[in-house]
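Novice: First the structure, then my questions, so here it is.
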């Protein structure tokens, strides 16, 4: 992050850095098999590796990992919200903004192996 502060290695165990020859993009681990990132990164991925949520320029994408990761001191998924953040509250979760809650049912459906349509 440009202008950001250095953090402890255990401080954000849900952050994922994707390297494709060089640093490619940041993501959020949401369970042992899935990461959440911005859909505008999709043009750089093999098509079978990701799902783009909505054709209406929704900038959200899920990527299924080749194999599940194991939780450890340095690796743990971010807990997805069970209710939307209140207006004006600070989420304090990198890459998890208020709008992500709008897509929570879609995210849960894809992870469960089902399909869902745009809200």
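Backbone N, Cα and C atoms are what each Cβ position is placed from, and that goes for glycine too.
The domain 'Peptidase S1' annotation in Swiss-Prot covers 1-112. What Swiss-Prot lists as active site, charge relay system is 40, 59. Per Swiss-Prot, disulfide bond is recorded for 54-118, and the stated evidence type is sequence analysis.
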Novice: Name the residues of the same chain, 6+ apart in sequence, whose Cβ is under 8 Å from the Cβ of residue 59 (active site, charge relay system)?
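Specialist: In sequence order, the residues whose Cβ lies under 8 Å from that of residue 59 (active site, charge relay system) (at least 6 apart) are 38, 39, 40.
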Novice: Including all protein chains displayed, how many Cβ atoms other than that of residue 40 (active site, charge relay system) lie within 10 Å of its Cβ?
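Specialist: Around residue 40 (active site, charge relay system), other Cβ atoms within 10 Å: 13.
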Novice: In the three-state scheme derived from DSSP, which category covers residue 40 (active site, charge relay system)?
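Specialist: SS state of residue 40 (active site, charge relay system) = helix.
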